Amino acid sequence: MANILLLLHPTVVTDQHLVENVKADIRKSVGDAHVEQHIIDRVTRGEVELTRNTYDKIIYINPNVHNRSIPASLMKLVYETLIDEGEFSGDLPTDQALDVLMTGFIVSDTNDQCWIKPKPIESVSIPLRRKGKKTDASVSASSGTTALPLFKKLSSNSNNNNNSSSPIGLTDSSAANTDEETDEANVMKRKLDAAKLTYFSDSDSENEEDENDDIINEDDLIKDSNQLDLRSRLIIPKSCEIPNGKKRRKACKDCTCGLKEIEEQEEAQQRSLQDSILGKMAQSATLEAIKIEERLKRQPVKFKDEDLAEIDFTVEGKTGGCGSCALGDAFRCDGCPYLGMPPFKPGEIVSIDSLGEDL
């Protein structure tokens, strides 16, 4: 009977029929199987311990499409829980291929969301056959055990034939020099040459990078020169020099040395600075006027009884705002009630007939 584990994401509660549908599909495809289910967060925190090499298949259910990443620690735990050739499938991410391979899984050729735990390959020892007489070392190799090579000292007769200054050599009595050993030596030599070539090519590329770092961009020099003072880089011709050796403060009428352009540039900068200052002052004045207007609206003007009292111009000592009503129309205001009447003396009783009609 197959053992199947369902790892549920916490957001699976949003769909109550999702897990039941997955279990129904398992019964149709596998038949009689032992199905377990756990929340993936509890497995990650270690609250639920899973037995190693137990489950034939692990299915990850995650309805959250925007977040399906799996940490490397959980991948390792799932790998240890599966049996050999077990499958880890479901809502798996497709952008973690490197983590999958580093853990030990193999991505299925037919389905990107199916990871397979490969069966370990057993190592097989292959004995090497040597030419020549069979020695004790070869016998031990055929029996499955490896023996150390035996060395013997050269005889004195062979030493006399060789140069007296040459050191005493040792010979390996366990094996003779064969063609296979020569081939192996040639292979090792080629590998060594390839390694040397790779090392020197890498060092050359590093030197080229260092040389590129020392190169100065010409555009940077131009930018630095533009930041200098324009007057310091100005070359004044001899015809523009003053006899006492001083420099001209203003450009000539027909300036050709560039001083006129510098003055125009400085004037434009000064004008723009003044415009910005005036603009800020106008803006601040407008804001202050708006604040004063709002403050006046919040505090309405109220007149007292003394301000609203009527003034009797016929009484001596009491005059209007202008104090010239008795002198005639030439000295009266636009709204004066005595307009059209002849002049009168202060204290004289004057009756106004039209005033009653208005009331």
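Note: Cβ is positioned from N, Cα and C throughout, glycine not excepted.
Here the structure is a predicted model, which means the values were calculated and not measured.
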Listed range which Swiss-Prot flags as region 'Fe-S binding site A', given the options 240-257, 294-311: 240-257
Annotated region 'Fe-S binding site B' segment (source Swiss-Prot; candidates 277-291, 322-336): 322-336
Other CB atoms within 10 A, centred on Cys333 ([4Fe-4S] cluster binding site): 13
Which of Cys252, Cys257, Cys325, Cys336, the listed binding-site residues, has fewest other Cβ atoms within 10 Å: Cys252
Of the binding-site residues listed as Cys325, Cys333, Cys336, the one whose CA lies nearest the CA of Cys257 ([2Fe-2S] cluster binding site): Cys333
Cβ atoms near Cys255 ([2Fe-2S] cluster binding site) (within 10 Å, other residues, all chains): 15
